[in-house]
Amino acid sequence: MQLRWTQRGMMWLGALLTLLLCSSLKGQENSFTINSIHMQILPHSTVQNGENLTLQCLVDVSTTSRVKPLHQVLFYKDDVLLHNVSSRRNTESYLIPHVRVCDSGRYKCNVILNNKEKTTPEYEVWVKGVSDPRVTLDKKEVIEGGVVVVNCSVPEEKAPVHFTIEKFELNIRGAKKKREKTSQNQNFVTLEFTVEEQDRTIRFQCQAKIFSGSNVESSRPIQSDLVTVRESFSNPKFHIIPEGKVMEGDDLQVKCTVQVTHQAQSFPEIIIQKDREIVAHNSLSSEAVYSVMATTEHNGNYTCKVEASRISKVSSVVVNVTELFSKPKLESSATHLDQGEDLNLLCSIPGAPPANFTIQKGGMTVSQTQNFTKRVSEWDSGLYTCVAGVGRVFKRSNTVQITVCEMLSKPSIFHDSRSEVIKGQTIEVSCQSVNGTAPIFYQLSNTSKPVANQSVGSNKPAIFRVKPTKDVEYCCSADNCHSHSKMFSEVLRVKVIAPVDEAQLVVLKGEVEPGEPIVFYCSVNEGSFPITYKFYKEKESKPFYQDTINATQIMWHKTTASKEYEGQYYCTASNRANLSKHVIQSNTLTVRVYLPLEKGLIAVVVIGVIIVTLVLGAKCYFLKKAKAKQMPVEMSRPAVPLLNSNNEKTLSDAGTEADRHYGYNEDVGNHAMKPLNENKEPLTLDVEYTEVEVTSPEPHQGLGTKGTETETVYSEIRKADPDFVENRYSRTEGSLDGS
C-alpha cells in the first residue's frame, strides 16, 4: 500500500516537473535569421532545346533551437510562381524536363520563415533552338493543276510561331515556291500549294521560328514525303497542211492537237493565236483547226495554248507563204486638180504578170482596166484604189487621194446692222463665196490693211466682229485650193455716227446790269451732225430755248437783261447716237443782275470786311507778341506820334488821322494794304515796349481843338541794324475818335 502511494507520488512529481519544464521553454522563444539565399541553374543558364534544366535554391538559416525551423521555398519565372515547397533542408530543387523556347526567361528563388523572407537576384535562362517541326501532306500523288495541303506543326512549343514552307522539285536546287505565315494562337499552320504544269516529283520543307525576347530561335528545316505529279494533258503539237512549201492560193490548215489523260474530268480549251489575235479555239475535243486560203498576210508566228483551270501549256510554229505576185501599185498624174482638168490613173504589178485589174473609188468600180482617164469635176474628189487578181488571189493596191478644186465665186460682203452704226458698237461683217471647194480662207481688210483672217470648212459665210470708230470701208478676199488667185468682194462702206461728248456752257458776262445783254455759248467736243441743243434754267423742266443745227457750238442771247433773268443755267446736247437716257448735260452757271447802287454798296461792304479782318489780325498778332515778351516798360508823356512803316505822323493831325484805324498805313483808302513785314526785319531784332499817354479830343470838338482826355498807348520799338530803317508799330487801346 505504501509502495503504491510512493509510485503514484513519483508520477505526480514527474508530471509536475514536465509542466514546469514546458512553462520554462514557453517563456523563452527561439531566435532565428536567414543568413543567405542563393540559386544555381544546372547544367548552366544557356541550354539547348530539349535538355533538362534544374533550379536549385540554397538557404542558410541560423536559429537558437535545436530543431531546424520549417521554411517555405518558392520558385518564380518572370514574376510568375512556378513551384512552392515547405522544407527544413538547406537545398531545394525544381526540375524542368525537355526545355522549350517558352522556358526562356528570368528565374528567382524566395524563402519565407515566419514573418521573415529573402529573395535571390533574377537569373536569365536562354533556351537555344526550336524543336523539329512535323510536316504532313494530304496526298502523295496529284494531277497537274491539283492542290496539295501541307500541315506544319511544333507540338511541344507554344504560340506564336512563324512558319516557312517551301516547295522543291526533286533533283533541282532552289525552291519553286515559298510561303510564310505566323500562327498567333496555335503551334501549327495549314497551307495549300497548287501543282503547276512543270511539276513532276515534288516535296515540301518546313521551318519554325519563335521570338524569345530580343532573340529569334529557329528550328531545323524538315522535309516532307515525295509527291508524284501526273499530267492531265500533254504539251500541244502543231500540224501544218500542206506540208513543205505553201503558195498563195493554197488551202492552208493549221491544226493543234493535245493528248488528255483519263484522270482529267473534261477537255481543256485549245486556242490558236497569230500575233496575239485568236484565229481558232475549241474546248469540246482534243484539237483545234484554222483553215484559210493562203496569202502573204498569213505569214507569221502561230501559238497554241492549252488551258485548264490553273494549267496552261504553250507551243509555237512559224508559217511561211510564198508570194504568187506582188502587190499592185496605183499611180496618178496629179493628186490636186482644178475643176475641168484631166485625171490619169495607172495600175501596175511589178514583173507585169497577166492579171485582172479593177479601179475603184470609195468601194465603187470606176474602171475594169489598168488605166482610167477622166475630165474631173468637184464630185470626182475621193479615195481611189486598184484591185489585181491572179487565179483565186486578189490584192489591193495603195490608196490615192484625189482632190478636185472648184473655183470660188466672187465673195459678197455685208453687215448685220439695220440702222446707223454708233461709234464703239460691235457689228458683224460677213463674207461669203457661194460656190467653191472648201475649206475657204477669208481675209477682211480695212483700206488695204488686214483686219482679221478666218477659215471656213463649208460655203457658209465667215463672220467678223469689228468695232468701227469712224466711217470706214471694208473689203474681203477669198481663197481655196484652186490655182486661181484670190477673189475680192465689193467695197462695203460703213457710216459711223459719234454720240455727243462733253457739253460745256459759257456765259459772256456773269454779272450784268439791267438793260445789258446776256449771251450763252453751249459747245461739245465731238458729235455727229445734226446736234440738238437745249437751254434750261435751274428748277425748270422745259427748255426756254432749243435748236438743231450742224455745228458743235450754239449761241443764245438776250439783248436787255432784267432782274427776272437772274439764276442758274445749263444746257444739254444730243444727237441720234445718244439714247434718250444718255443726254449729255453741261456745267451749271450763275447769272446775277445788279442795280448800279447795289454794285457800289457791295464794293463798300467788301472793302470794309477786308479792313476789319486786317485790323483784327494785326491786333491779335501784337497781343500775342506782348504776352510772349512780358517786358512792359511804363512811361508817360503828353503826346507821342505813332509810327508806321513809311512815315511818322502824330495822332493829333487834323483831317488825316482822326477817322483812321490803327495798324494800317495811308494807302488803306486806296484798297491797298502794305504788309507789316515790308522791310523784312530779321527775327532777332531787339524790342522795347513803352507806355504812352495820348490826349484825345472831345467828341463834340473839332479836329483842331485839343481835348483834355488822355489814353494810355503801348508802343513797340524795334532796334534794327544800321543798314535798315527803324520801324515802329504803335497800337492804342480803343479808337482815336473814342468810338
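Numbers run from 1 along the shown chain.
Glycine is treated like the rest: Cβ placed from N, Cα and C.
It should be emphasised that the depicted structure is a prediction, and the values quoted were computed from it without experimental measurement.
Between Cys431 and the candidates Cys347, Cys476, Cys481, Cys522, Swiss-Prot annotates a single disulfide bond, the one to Cys476. Among the residue ranges 432-454, 662-684, 708-730, the one that Swiss-Prot annotates as region 'Membrane-bound segment which detaches upon phosphorylation' is 708-730.
Feature motif 'ITIM motif 1', per Swiss-Prot, maps to range 687-692 of the set 21-26, 39-44, 687-692.
Swiss-Prot names the disulfide partner of Cys57 among Cys109, Cys152 as Cys109.
Predicted-model confidence for the domain 'Ig-like C2-type 6' (499-590) is 89, expressed as mean pLDDT.
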